[in-house]
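What follows is one structure encoded as structure tokens, with my remarks underneath.
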């Protein structure tokens, strides 16, 4: 394997790689048919679990007052494909990935997923080199600041409710206007949000968007997701 690439990866990950062939596998897509060392798929499977565990551990320590529901939402936001792909781009990993000819013009979600997979495969390599302690510096370097930024202020309630609902089983919140009143220049909307398996809530506002947000906030508070919310967090 190219020594400058190894040196660059060791600087980026703060880890000394012990198995060059395994590292090479982590950077090889399954579309490379003539590859003798294999591809990153098995490593990605392992790395996904290691990442989830270490992010859960980090969140548990960073947010001692957060409920289980809030921790789950934060976890989902930090281990999803987009976050991992963003970190891959930050590290310059796309230029190091070995792909087959037909994959070189990949775009959109499939490209995002591939970049995320390589991050997870890289995590697996570090874990196999030296266990969880070998991965923690890498997690701190790229995920800790992101985790803290998530706490700088509440995200949009609808976005947070959607992520929480996904954690609960993949269902999506459904919003519908149940009442509209008032004059055209000063309308009042009442919107109901429902999630399969949970009681609905109704929000009220001067626009559909505002009413939807208020309904979403009610669910987040009721389910304990925003249990630690301060009085100004939603302003």
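Including glycine, each Cβ sits where the backbone N, Cα and C put it.
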Mg(2+) binding, same site as 117, 120 - Swiss-Prot member from 44, 57, 192: 44
Mean predicted confidence [pLDDT] for the domain 'RNase III' (6-131): 89
Cα separation, residue 48 (active site) to residue 117 (Mg(2+) binding site) (Å, whole number): 8
Spatial neighbours of residue 120 (Mg(2+) binding site) that are distant in sequence (at least 6 apart) but have CB under 8 A: 43, 44, 47, 48, 50, 51, 84
Listed recorded positions (44, 48, 117), ranked by Cβ neighbours within 10 Å, top entry: 117
Env. residues of Mg(2+) site, Cβ within 8 Å of mean position of 44, 117, 120 Cβ: 40, 41, 43, 45, 47, 48, 84, 116, 118, 119, 121, 124
